[in-house]
Amino acid sequence: KVTIFCCSLQFSSAFIVTSEVSDLMIKVQMAALPKKLDKTNIKQFLSMFDTVLTDCDGVIWSGDEVIGNANIALNKLRDVGKNIFYVTNNSTKTRSEYIIKCKNLGFEAKEEEIVGTSYVLAQYLKQRNFNKKVYVVGSTGITRELDNVGITHTEIGPDPSPEKVFSLQETMKLDPEIGCVAVGFDGDISFTKIMKAASYLLNPECLFLATNTDERFPIRNSNLVFPGTGTMVKAVETAAERKPVVMGKPSAEMFEVIRKTNNLDPSRTLMIGDRCNTDILFGKNCGLNTLVVLTGVTEYEHLEKWAKGSDPEQHKLLADYFLPQLGDLVDLLED
């Protein structure tokens, strides 16, 4: 009996210790949810940053419509002394085109405050004294920014595939001047374009740049999926068996362009976004404060799932703060 009692006691103790360790592991594995901005913490929040980087699609506008009072919110942040930069992974427009859109939708903006991936891509090549030709899978957003820095490129638009695609191995001619393949959003993506891009990339000296890798565009109130640039990039990447240098979020390339030209302190900078695996991860990668809004890709259920999980990569997607929509700042900023 004594022997049995001791064994039971040992087993019970072991079970208690194991249970305590298990509870501790669960606590360690879980991460904190973003704090909701409200009247109790808005002053502390505002004291944390001097500069705001905000995503566009899904945060301040959807298509050609302002989301809530996002324009008023950003303009109020500017009024209280914050610097504002618009940082977008969308490669289809130039900075000058974004200025027109901002003006039409009631956002104050200067051209130097607009930072898009096409602009970053052109600056990336310019800083490396690139003197060859770029094969572009994309739109005028890329080609016009390349024109602005004097870099030659191929024309954009349809490049249809023949009915018998294998005939391309006999008819396709490659341009020997190509020294870079640049992939952005391309509504005319085709087998022919993918084949050309991958063929140029057989040369290890040929640069491979991508504006961004967003999976889809944030479309509100729709049951349709609108494929993003990541779809085009992945197709070329798969065929070429090479990974690109990514210009947009979450890559730090975009922040480096802004930081160098504006002498920004990362610890005094706020990143606002709707897509955690690009916008918020970008903020984390660059050492920025982060705020996620729930008007685009990310939903609160996603935040709860990531926080409860044990994956440290998902914990990186959790912002410091959240708001249902950016326009909620308007009431919070009023005295």
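Glycine residues also receive a Cβ, built from the backbone N, Cα and C atoms like all the rest.
Quick look at what TrEMBL lists:
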ACT_SITE  D55  active site, nucleophile
ACT_SITE  D57  active site, proton donor
BINDING   D55, D57, D274  Mg(2+) binding site
BINDING   K249  substrate binding site
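Of all Cβ atoms in the shown protein chains, 21 besides its own fall within 10 Å of the Cβ of D57 (active site, proton donor). Counting in whole angstrom, K249 (substrate binding site) lies 13 from D57 (active site, proton donor) by their C-alpha atoms. Of all the Cβ atoms in the protein chains shown, 27 others lie within 10 Å of the Cβ of the residue listed as 'active site, nucleophile'. Counting every protein chain shown, 27 other Cβ atoms lie within 10 Å of the Cβ of D274 (Mg(2+) binding site).
Distance from the CA of D274 (Mg(2+) binding site) to the CA of D55 (active site, nucleophile) is 8 Å. Cα-Cα distance from D57 (active site, proton donor) to D274 (Mg(2+) binding site): 8 Å (rounded to the nearest whole number).
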